[in-house]
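I have placed the structure first, in the form of structure tokens, so that the comments after it can refer back to it.
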Amino acid sequence: MLKGKCVVLGVTGSIAAYKIASLASALVKLGADVNVIMTKNATNFINPITFETLTSNKCLVDTFDRNFQFNVEHVALAKRADIFMVAPASANVIGKMAHGIADDMLTTTILAAKCKKLVSPAMNTNMFENQIVQDNLETLRKYGFEIIDPANGYLACGDTGAGKMPEPEVLLQYIIRELAHNHDMVGKKVLVTAGPTEEAIDPVRYITNHSTGKMGYAIAKAAMERGADVTLVSGPVAIEPPMFVNVVPVRSAAEMAEVVKNAAGECDIIIKSAAVADYRPINVATEKIKKKDGEASCIELERTEDILAYLGAHRKEGQFICGFSMETENMLENSSAKLKKKNVDMIVANNLRTSGAGFGTDTNVVTLITADGAKELPIMTKEEVAHAIFDEIVGR
Ligand SMILES: Cc1cc2nc3c(=O)[nH]c(=O)nc-3n(C[C@H](O)[C@H](O)[C@H](O)COP(=O)(O)O)c2cc1C
């Protein structure tokens with residue numbers, strides 16, 4: 001995923017420094033060329049050998065070390081870097097970077113780097129809240145650095161509050177967002193619906209379906225990774241939402257429809273992948289019906305609103321609308337008919353009878369149906385399917 005990408009990690013003198021070993025390792029596993037620069041003080045917290053072993057690259061500490069592949073290593077590495085992340089960033093290094101001080105290998109190299117720069121502050125809450133540190137962070141923002149908000153929590157010093165470096169998996173997502181995909185959807189607003197809906201029968205029971213939200217969440221993540229501004233309207237699911245996506249949780253079809261209708265006018269691309277329950281209870285008989293083998297409630301149902309048809313009928317100029325279709329038979333005929341009837345641009349059809357497709361699985365087997373015809377895709381992960389959908393949309 002990160003093959004051919006040069007990632008520079010700057011590590012400073014914070015107790016959180018040891019966590020960067022996991023980040024370096026995860027980046028190497030994704031194929032990145034990882035180069036770690038440490039401040040001298042950081043070497044009190046973790047040994048450079050750890051990074052050298054994990055990355056197979058020399059860990060740089062001393063600007064005047066002559067044992068380098070290049071003559072002027074800080075400039076050479078700064079030129080090669082696709083991204084530079086300082087994590088954990090001490091108050092000291094934040095201050096130096098904000099004021100152009102370059103008195104060690106890390107601060108010298110970052111001054112020479114023109115790539116995207118990310119800074120993850122990590123320190124005691126009082127230090128973090130100190131106006132001097134806050135002003136320095138603001139200065140860095142002004143110079144184009146992206147500051148990663150520290151997490152709140154129990155800090156190594158025993159205090160609880162803001163200042164904790166986010167976990168390595170979170171930092172990894174920042175790097176993946178920058179480097180893993182072409183940013184061919186920058187400036188696009190994308191609305192995705194995902195998951196099932198729940199239609200309450202009474203305070204205890206509801207009507208729903210087997211959707212897990214995996215496909216819709218993968219679509220939202222793919223759009224975000226390609227640079228789009230993504231809103232994900234999600235029914236109740238048990239999976240973690242992707243980072244950098246605006247998630248709007250809903251329960252019922254009516255709630256989902258309301259959110260979608262309010263947001264749709266602003267959006268360039270709308271992907272309706274939610275498995276909205278087809279019916280909702282409108283009247284539950286209070287008197288139980290006596291049956292031979294016990295009692296049963298009588299529930300009157302009505303159809304929920306067809307959100308896709310609404311979107312097709314109210315499309316704005318240039319908007320791209322895509323829906324999903326789950327069929328057990330006559331998949332192509334039914335899905336093509338849906339495309340026309342609902343006035344949408346693409347139907348992603350999957351045949352529930354195919355193994356590896358549909359609800360709950362990590363893979364899917366889909367056919368992309370547009371006015372130009374049908375494109376059958378092989379079995380793919382849901383992430384790959386999501387990117388294939390956007391390849392098709394962006395390539396038009
Ligand atoms: C045990 C210990 C933990 C520290 N943790 C942090 C920290 O999380 N953040 C910070 O800004 N400074 C922390 N410091 C203080 C820095 O290490 C100190 O300011 C140092 O000069 C920073 O050097 P550097 O910025 O060149 O790496 C810590 C110091 C010690 C002894």
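Residue 1 is the first one shown; counting continues down the chain.
Glycine is no exception: its Cβ is also placed from the backbone N, Cα and C atoms.
Here is what TrEMBL says about this protein:
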REGION    1-189  region 'Phosphopantothenoylcysteine decarboxylase'
DOMAIN    7-177  domain 'Flavoprotein'
ACT_SITE  CYS157  active site, proton donor
DOMAIN    186-394  domain 'DNA/pantothenate metabolism flavoprotein C-terminal'
REGION    190-396  region 'Phosphopantothenate--cysteine ligase'
BINDING   ASP278, LYS288, PHE324, LYS338, LYS342  CTP binding site
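Closest to CYS157 (active site, proton donor) in space, going by CA atoms and restricting to the binding-site residues ASP278, PHE324, LYS338, is PHE324. Counted over every protein chain shown, other Cβ atoms within 10 Å are most numerous around PHE324 among the recorded positions CYS157, ASP278, PHE324. The average pLDDT the prediction assigns to the domain 'Flavoprotein' (7-177) is 93.
According to its DSSP assignment, LYS338 (CTP binding site) is helical. All protein chains included, LYS342 (CTP binding site) registers 20 other Cβ atoms within 10 Å of its own Cβ. With a cut-off of 8 Å between CB atoms and residues at least 6 apart in sequence, the same chain places GLY323, SER325, VAL344, ILE347 near LYS338 (CTP binding site), listed in sequence order.
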